[in-house]
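Read through the structure below, which is laid out as structure tokens, and then see the notes.
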Amino acid sequence: MEDDGRLAPRQIWARPTSTTTRSYVPGCTPFLLPSDGYVYLNRTYSISLGENAIYDPACTSTPTTTEHAGAALDIHDPFYASVTPLLYAMGCATVVSYLLVIILLITPRTFYVGGPGGGANFLGRHGMVSGSYSNNSSVVGVGGRPWLQKVAALLVAISLTIATADSFRVAEKQYDHGYSDAEALTSEVIDGTEIKVVRIISSTFLWLAQVQTLIRLFPRHKEKVMIKWAGFALIVLDTIFAILDKFLVKTNTTRPRLYEDAIPALSYLFELALNLLYAAWVIFYSLSKHRFAFFHPKMRNICLVALLSLCAVLIPVVFFVLDIAKPEIAGWGTYIRWVGSAAASVVVWEWVERIEALERDERKDGILGREVFDGDEMIEVTPSEEVDWPRQQFHGHDRGGGTGMSSAWGGVMGLAHRPLRPRGGRITQTQREAEGATAAKSRKRRSARPTPPPAAVTPVSRADTTSAASTVYNVHYYPVSSPTPPVAMPFMEEEDEGSDGDGEKELAVVQNQQSSLPTQDTYTEPRRQNSPQIVNVDNRWRFILNPFKNRHAALPREVASAQAEEEGFLSPDDQAPRQGDEENPHYTPRHRGLFSFHPMSDGASRRQSGADQPLPVTVIPARRRGQDTWSPQWFTNSNLVDRSSSRRTASRPRDQRMKVIQPQVQSAAPWTAADMEASFSSMDYELRYDPEAAALVSEDIPDHHSQPTQADSPAHPTMSGGNGPSGGETQSALDTGPGIEGSVNEGSVIEGPEESHSQR
């Protein structure tokens, strides 16, 4: 009976007494635990098996729930998707974020010190006061960070600090439970409420800082405005969709490829577009500034800054692509993109500062400033401050970059938009009289030549122009021993080359119309408005334009003969003006009526003569507007000649040294038949203007060249006049000369000896 209670060993499995079979659910089948082993229930309690044991799981209809479904060590994911690379990446990102904060807040300014030998020294602290260096200093300030970058970098550092703390907390929890899961760690940390809020705020300031950096890269004001508003619109859209994605849809952040809704896809799209546009424009700027952006002898470490800048702008774009291609690295790639966006603004700003410092150093000795475009309202703003968002100006030490240089360049750029102001203005009639009375005492030099009128587009009629009324032409004679006078440059004033005060000449304005004419007041104002403006320029220009100024050339014999008669023409008693001459409207003081092309040659001739003697002056008045010009038809058409002879009046001035030709009051021919016979009967030659002699010379008198230079030689043929009417013969002689058309116009003053007409 005792054997009935015992079971054979085979009956444990087979149970031969039972005629039914039992089926087990997969995973619920009992299994044997061999002897000589241990069964661990927890870390402190274990059971030793002295013999075999059977484990029969309690299978139910519902599966057993566990807190963590992963195994103790998940070996299915690669190493770069494990917890260890994730923690290292977060630690590095946090350290970089704090370095950016240190760069922005603790060391706000750096300086570029370029020596005369081309050397460079950066990161040298030379004081915190901007603009404390002179313009000649080679120290160029680089720095001055905008407050948007400071706020963005500080928020990124705070966000990464919170994320790092949460990551270590979750990793420790997984270690306590004996497993490690990187995906679970990332989901628990990034999907936290505090990280979501801080990340949205910091991302908004990061985009604003990047837009501010882009605004600085482009010089045109229109481009700055366009970038500002386009970037602001993209930032608003990205922020709105990010808020909807984080708090409304609550999608899987670590698996961007598994997006099934439109809101997270749009948020991802706007974020990717902002990073792509920023990277593209920074690369374009670096290529446009390739002379300074990648390497420069004065700043050899700029290549390192360029490398860091390019990496900072490309890291967000690269990790956006990797998030789609390899979702396993999306866990720690998010932190890299986060800190990369902060570095893309801070490092690129430093790069731009150094590029502009090199540009300022290169053009500091030039005369050109920075480019100014149409609509640019930031001409005199420093580069570091011109793109700042609205804020109050402080006089702190970290505002603006290179303010010492910008103050100097602001004045240079302002000169480019202001016309040159002449140093000598227009002279009124009262000023002329006052200067004429005191010119002998003051001895002030003025411009040697007036400003030439601008070139006309179409041919101008000589009868309609009013410029001849204010034009003065001077003809001087020089002895054979004097050098050829140099050609004076317009807008230039010759310096006093000698101590002899008699050699100083002044610009003369001759009033060549009588006060009795009714049209005198009509043309006074236009002539005054058309008067030339005088600008004093350095004397060294004369040598550049005329390097052969010391060349000596012999003058024609006619000029030498006229100069010989000029030296002994007047006596010292005639130098004082008579009382009646001052009342004459045609009276002009001698010191105002003379004009010198070269004071040295004129002073030499006067020292040879031993006396300061004035020259006689012939005044050719200007023709009225609308008056007919001289025509060869008057020689053949007697009607024109007879009609003009009845209207012309002649009078002689009181001063015998001056010949005044009366203007034509009506529109009539200036000559009569008798005048032409008297004028041209004894004149069988023509006059031409010789630029070397600066005088009117004859071409038809060959015997003058063979006669020696004497005091009684014939005078220069420029001084015409005779027994006919006082001014008619002179004007006819001047008008008949083929070379006088371009050299002697109406209103001309011709100086020369008076005996010339008596000898002819």
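From the backbone N, Cα and C atoms, a Cβ is placed for every residue, glycine too.
Annotated topological domain 'Extracellular' per Swiss-Prot: 1-85 (among others), in sequence order, evidence recorded as sequence analysis.
Summarising model confidence by region, the topological domain 'Cytoplasmic' (107-150) averages a pLDDT of 49. Per Swiss-Prot, topological domain 'Cytoplasmic' is recorded for 107-150 (among others).
Taken from Swiss-Prot, the feature topological domain 'Extracellular' covers 172-194 (among others).
Positions annotated as topological domain 'Cytoplasmic' by Swiss-Prot: 216-228 (among others).
The topological domain 'Extracellular' annotation in Swiss-Prot covers 250-262 (among others).
Marked as topological domain 'Cytoplasmic' by Swiss-Prot on the basis of sequence analysis: 284-301 (among others).
What Swiss-Prot records for 323-328 (among others) is topological domain 'Extracellular'.
The annotation topological domain 'Cytoplasmic' is assigned in Swiss-Prot to 350-760 (among others).
The annotation region 'Disordered' is assigned in Swiss-Prot to 389-465 (among others).
Per Swiss-Prot, region 'Disordered' is recorded for 479-503 (among others).
Under the heading region 'Disordered', Swiss-Prot lists 559-615 (among others).
Residues or ranges marked as compositional bias 'Basic and acidic residues' by Swiss-Prot: 575-585.
Feature annotation from Swiss-Prot assigns region 'Disordered' to 629-666 (among others).
Here Swiss-Prot flags 696-760 (among others) as region 'Disordered'.
Note: the topological domain 'Extracellular' (172-194) comprises 16 helix, 0 strand, 7 coil (DSSP; helix = H, G, I, strand = E, B). The DSSP breakdown of the topological domain 'Cytoplasmic' (216-228) into helical (H, G, I), extended (E, B) and coil residues amounts to 10 helix, 0 strand, 3 coil. DSSP labels the residues of the topological domain 'Cytoplasmic' (284-301) in these numbers: 9 helix, 2 strand, 7 coil.
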